[in-house]
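Notes to accompany the following structure.
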Amino acid sequence: MAGSDTAPFLSQADDPDDEPVPGHLGIPGSVGTPKAGEPEVPDQEGLQRITGLSPAHSALIVAVLCYINLLNYMDRFTVAGVLPDIEQFFNIGDSSSGLIQTVFISSYMVLAPVFGYLGDRYNRKYLMCGGIAFWSLVTLGSSFIPRERFWLLLLTRGLVGVGEASYSTIAPTLIADLFVADQRSRMLSVFYFAIPVGSGLGYIAGSKVKDVAGDWHWALRVTPGLGVVAVLLLFLVVREPPRGAVERHSDSPPLSPTSWWADLRALSRNPSFVLSSLGFTAVAFVTGSLALWAPAFLLRSRVVLGETPPCLPGDSCSSSDSLIFGLITCLTGVLGVGLGVEISRHLRRFNPRADPLVCAAGLLGSAPFLFLSLACARGSIVATYVFIFIGETLLSMNWAIVADILLYVVIPTRRSTAEAFQIVLSHLLGDAGSPYLIGLISDRLRRSWPPSFLSEFRALQFSLMLCAFVGALGGAAFLGTAMFIEGDRRRAQLHIQGLLHEAGPTDDRIVVPQRGRSTRVPVSSVLI
């Protein structure tokens, strides 16, 4: 294909297992701008006719989804905002503290494929309503656990994963069925603003509600009430758009769901999906580690510098670091997500591989700044905050772009399943284990040194340096994604238009030369 031959970064060979339906031409040109033979992007009136929803109603649906996404991340990081108090209340160490987040992420990861399968086949609105209602009840219950029942706190945090799994796998696919092209990218950027903003609000709400109420338990009672509002908004505002309709020709038949195993097989053979998911796994590893441990690390840094008294047993841990880190997370999230989307949109005009390249630049650029933020913590807390700000801004450039990549390299009837398995992969190898791993390394290092506040600080400092290395590996995965992104997007477009059939698992084919290149054809069509 001509677009691949002239692209500025490596080249992508055609997949011999997929072929256009006889009688149709493949889509020419590079990814990003429609060319002759490509489907035209529908205008506002066309979208309204296809979805049955006005532009204002579609935007309102995105606003509701954004509110719930913000609420999900706010609840997730409220625990991190009061983590020193939880450690004192339950009398636990760093490894047990890391286990709180690990149990939640593990549950979320296991349940995501279930909701991904359901989301591709059943009403997505009602799935989200049920999951968020259950999550709100469990979160409220977790605030009444006595100090001798730490295992019960772990259990309830695991059950919270039901709500997040029901929402995170489904909500982006609704946005994909309401908007296309640059409109979709903008709406996804709005949706993913909620991740860093919600995370930051979680730190702020956790620390401030604890200060006002004088008890950290009240920090866990804020989001359940807001969850009830979320369920009502979902029920009253959100409507189910037809899957994939905005991306088909008007005369193209709707796509039908395939079996779950067929979906998994297709996704595993999609290199852009696999490699971008590995890159996002690195993002999840780094953000999961920082989300739980950064406030505690900053508190220990201030103790070593003599700027704040140590957190002693029986006392409330007073520190402004959760508040400051929360504000930084909010600001860097908005700045990073917006910056990433706009840079990518601009570069797409010149390079169809802009999306994965921007993601790679963000991760590779964040690694040295995160390392410097840890290295400078014993000398200057101000320098630490400056480097954290830069590193988190670069890290946040990935959120919306990774979601956009998934939506345009995967066909509509597999998107919830793809979201689910990206969640499984990114959390299994990312933030499901990274908080516990960081805490475990910290505890092991502390045992080898004399007990002191300095050894507590140094142990956590050295263990967090692992994040910079993992970030660099993620950048390499996104560079790999750039090698395949054009061909995978083109195949998804052809499939949506009904111009491409997938080779089945029992389709016996052999490779024969055709006009100077190899292609696979059925054995029955070759005369031997």
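Glycine is treated like the rest: Cβ placed from N, Cα and C.
As given in TrEMBL:
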- 1-45: region 'Disordered' (REGION)
- 61-489: domain 'Major facilitator superfamily (MFS) profile' (DOMAIN)
- 99-119: transmembrane segment (TRANSMEM)
- 126-145: transmembrane segment (TRANSMEM)
- 165-181: transmembrane segment (TRANSMEM)
- 188-206: transmembrane segment (TRANSMEM)
- 218-238: transmembrane segment (TRANSMEM)
- 273-294: transmembrane segment (TRANSMEM)
- 323-344: transmembrane segment (TRANSMEM)
- 356-375: transmembrane segment (TRANSMEM)
- 381-411: transmembrane segment (TRANSMEM)
- 423-442: transmembrane segment (TRANSMEM)
- 462-485: transmembrane segment (TRANSMEM)
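Packing against the transmembrane segment (99-119) from elsewhere in the chain are residues 76, 79-80, 83, 86, 127, 131, 153-155, 157-162, 164-166, 168-170, 173, 260, 288, 291-292, 416-421, 423-424, 427-428, 431-433, 435-436, 439: each is 6 or more residues past its ends and has a CB under 8 Å from a CB in it. Across 126-145, 165-181, 273-294, 356-375, 381-411, stretch 381-411 shows the highest tally of CB pairs under 8 A with the transmembrane segment (188-206).
Using the rule of three or more Cβ pairs under 8 Å, pairs at least 6 apart in sequence, the transmembrane segment (165-181) is in contact with the transmembrane segment (381-411). Sequence-distant contacts of the transmembrane segment (323-344), counting only residues of its own chain at least 6 positions beyond either end whose CB sits under 8 Å from a CB of the stretch, comprise 77, 81, 185-186, 188-189, 192-193, 195-197, 199-204, 207-208, 294-295, 298, 354-355, 358-359, 362, 385, 388-389, 392-401.
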